[in-house]
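For reference, the structure discussed in these notes is given below.
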Amino acid sequence: MNNSTTTDPPNQPCSWNTLITKQIIPVLYGMVFITGLLLNGISGWIFFYVPSSKSFIIYLKNIVVADFLMGLTFPFKVLGDSGLGPWQVNVFVCRVSAVIFYVNMYVSIVFFGLISFDRYYKIVKPLLTSIVQSVNYSKLLSVLVWMLMLLLAVPNIILTNQGVKEVTKIQCMELKNELGRKWHKASNYIFVSIFWVVFLLLIVFYTAITRKIFKSHLKSRKNSTSVKRKSSRNIFSIVLVFVVCFVPYHIARIPYTKSQTEGHYSCRTKETLLYAKEFTLLLSAANVCLDPIIYFFLCQPFREVLNKKLHMSLKVQNDLEVSKTKRENAIHESTDTL
């Protein structure tokens, strides 16, 4: 997991354009933070009223929590990268905040994979009942996912235990001991592997569902396939989000990690890999703004509760306007009488 906080490259002497790393990227993260906090706050409020009656709803609720926690790390990155905060902020990002960011990003990725598996099982294997579709199993699996991700990530916090050599130029890799640098590299490879496995499974599930829908349509040519088509579109939307938000970062991730931990890269190469990593990571962070849209299209109970809350709000507003109009009419009538 990349604990690089200041977006300065690790080995000196290397210099680069700070306009990108200290101004443009922090501003963009600030925009993502505000938008994501608003959308995920609303999503969390809506899901509070949605019963956990199905596996995929449980998985969606876990994604809401992961996105919200991930979004809370953005202000620290903004303060650290822009130089607006004290040097202790950069140390905190290296040791804690960046780890939380990546844990929650991969938790979200895994749960999207589980949602796709749930949809696949429901459509392609509808006659088979399985414990993996039970609510209790989904809750247990959710706990195991969080525990696994924390198990992989927490050593990055513990092993980032070296003192700060220069407060004006804090490099995250310099805060790690020897074992910490090795774990950093190994955990990166593990997390990247998890992503590519989930992404390939998404493609397999989507392909299988599409084939099933096509065969059902040829056999029946009835509206009974409309629900399956909707599920296919839902999984396609998840695949699309993966392609836009996560694939670019995971293409850039491995070469950037190697440039951090190996010494034979030129400054120009390090700079290029740094910019590639930062902008693709920003795309991954922007996923917290897209997930609430997926909730709306993927989860019917979510839509129902949202519509109910909106109608209640509109009703209260209309009642207030009617009450205000009645009071004004009563005042006018009393004035006319006088």
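Using N, Cα and C of the backbone, Cβ positions are placed for all residues, glycine too.
For Cys94-Cys172, the entry in Swiss-Prot reads disulfide bond, with the evidence type sequence analysis. DSSP gives Cys94 (disulfide bond) a helix state.
According to Swiss-Prot, the N-linked glycosylation site annotation covers Asn2 (among others), on the basis of sequence analysis.
Summarising the annotation, Swiss-Prot assigns N-linked glycosylation site to Asn3 (among others).
Taken together, the residues in the topological domain 'Extracellular' (1-29) have a mean pLDDT of 67 on the 0 to 100 scale. According to Swiss-Prot, the feature topological domain 'Extracellular' maps to 1-29 (among others).
If you look up Swiss-Prot, you'll see 51-55 (among others) marked as topological domain 'Cytoplasmic'. Helix, strand and coil counts from DSSP across the topological domain 'Cytoplasmic' (51-55) read 1 helix, 0 strand, 4 coil.
Here Swiss-Prot flags 77-96 (among others) as topological domain 'Extracellular'.
The topological domain 'Cytoplasmic' annotation in Swiss-Prot covers 118-139 (among others).
Residues or ranges marked as topological domain 'Extracellular' by Swiss-Prot: 161-188 (among others).
Per Swiss-Prot, topological domain 'Cytoplasmic' is recorded for 210-234 (among others), and the stated evidence type is sequence analysis.
Residues or ranges marked as topological domain 'Extracellular' by Swiss-Prot: 256-278 (among others).
As annotated by Swiss-Prot, topological domain 'Cytoplasmic' applies to 300-338 (among others).
Among the features that Swiss-Prot reports, transmembrane segment is placed at 30-50 (among others).
The transmembrane segment annotation in Swiss-Prot covers 56-76 (among others).
Look at Swiss-Prot and you will find 97-117 (among others) tagged as transmembrane segment, backed by sequence analysis. For the transmembrane segment (97-117), the list of distant contacts is 1-5, 55-56, 59-60, 62-63, 66-67, 69-70, 72-73, 76-77, 132, 138, 141-142, 145-146, 149-150, 153-154, 156-157, 172, 191, 194-195, 198, 201-202, 205-206, 235, 238, 241-242, 246, 284-285, 287, 291, 298: same-chain residues at least six beyond its ends, Cβ to Cβ under 8 Å.
Residues 1, 3, 58-59, 62, 94-96, 99, 102-103, 106-107, 110-111, 114, 132, 172, 175-177, 179-180, 183-184, 187, 190-191 of the same chain lie 6 or more positions beyond the ends of the transmembrane segment (140-160) yet place their CB under 8 Å from a CB of it. Per Swiss-Prot, the feature transmembrane segment maps to 140-160 (among others); the stated evidence is sequence analysis.
Sequence annotations record features per position, and here Swiss-Prot assigns transmembrane segment to 189-209 (among others).
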Per-state residue totals over the topological domain 'Extracellular' (256-278) - DSSP helix, strand, coil: 18 helix, 0 strand, 5 coil
Cβ-based isolation winner (fewest other Cβ atoms within 10 Å) among the disulfide-bonded residues Cys94, Cys172: Cys172
Outside the transmembrane segment (30-50), six or more residues from its ends: residues with CB under 8 Å to it: 57, 60-61, 64-65, 67-68, 71, 74-75, 78, 282, 285-286, 288-289, 291-292, 295, 299, 301-302, 305-306, 309
Positions whose Cβ lies under 8 angstroms from the topological domain 'Cytoplasmic' (118-139), at least six residues beyond its ends: 52-56, 58-59, 205, 208-209, 212-213, 228, 231-232, 234-235
Residues of the parent chain within Cβ reach of the topological domain 'Cytoplasmic' (51-55), under 8 Å, 6 or more residues beyond its termini: 61, 114, 118, 132-135, 137-139, 301
Beyond the flanks of the transmembrane segment (279-299) by at least 6 residues, Cβ under 8 Å: 2, 25, 28-29, 32, 35-36, 39-40, 42-43, 46-47, 50, 56-57, 60, 63-64, 67-68, 70-71, 74, 101, 105, 108, 115, 233-234, 237-238, 241, 244-246, 248-249, 251-252, 306
